[in-house]
Amino acid sequence: MIFSVRGEVLEVALDHAVIEAAGIGYRVNATPSALATLRQGSQARLVTAMVVREDSMTLYGFSDAENRDLFLALLSVSGVGPRLAMATLAVHDAAALRQALADSDVASLTRVPGIGKRGAERIVLELRDKVGPVGASGLTVGTAADGNAVRGSVVEALVGLGFAAKQAEEATDQVLDGELGKDGAVATSSALRAALSLLGKTR
């Protein structure tokens, strides 16, 4: 099991980063908030979890152990795979997720694309007493950029998560045309989080 990766950041994309450690480049799938802390060419460390399947081994990276532990807790729930667990942590930061579980807030969980009412109820039932008390928020906001500059990146990330291109474009445009983009600058990670939340509501 690989618990963390430290080294030079070779690449930062919307859903993953490549970090070179001991001469080996590791592709690490990560949440928008974790990716927002990385800069190409700089040194970085991500706490990781490895998911092993019959035909693959995939690393998932997080800014801290709390997010990694929540990811692993979500994976323990029947019907929740890595993609859905990562989408949950993209929509809700650690503190918000813990609060939703503590409050049995099914409605908040159904904002995550792919989680319906029954799935949310199952997550609450199985994790409410396992995740511990609500801690401080670890949400990191990415560097602001012009809305037009991030549109293509957000659409690409949504398509990568399994949404149809038209659906992804409409959600992204709605986010950038709304309150988030009214000042002409928006963080890519914030736009992606908002689009995911919107898609969860309109599913």
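Cβ from N, Cα, C; glycine included.
Among the features that Swiss-Prot reports, DNA binding site is placed at G79, V80, R83, G114, I115, G116, R118, with the record citing experimental evidence. Secondary structure at I115 (DNA binding site), taken from DSSP and collapsed to helix, strand or coil, is coil. Its Cβ placed at the centre, I115 (DNA binding site) has 24 other Cβ atoms within 10 Å.
Sequence annotations record features per position, and here Swiss-Prot assigns region 'Domain I' to 1-65. Each residue in the region 'Domain I' (1-65) has a pLDDT score, and their mean in this model is 92.
Look at Swiss-Prot and you will find 66-132 tagged as region 'Domain II', backed by experimental evidence. With DSSP states grouped into helix (H, G, I), strand (E, B) and coil, the region 'Domain II' (66-132) comes out at 44 helix, 0 strand, 23 coil.
Residues or ranges marked as region 'Flexible linker' in Swiss-Prot: 133-147.
According to Swiss-Prot, the region 'Domain III' annotation covers 148-196, on the basis of experimental evidence.
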Listed binding-site residues (G79, G114, G116), ranked by Cβ neighbours within 10 Å, top entry: G114
Chain-internal residues, separated by at least six, CB under 8 A from V80 (DNA binding site): L74, T88, G119, I123
Cβ neighbour count (within 10 Å, all chains shown) around R118 (DNA binding site): 11
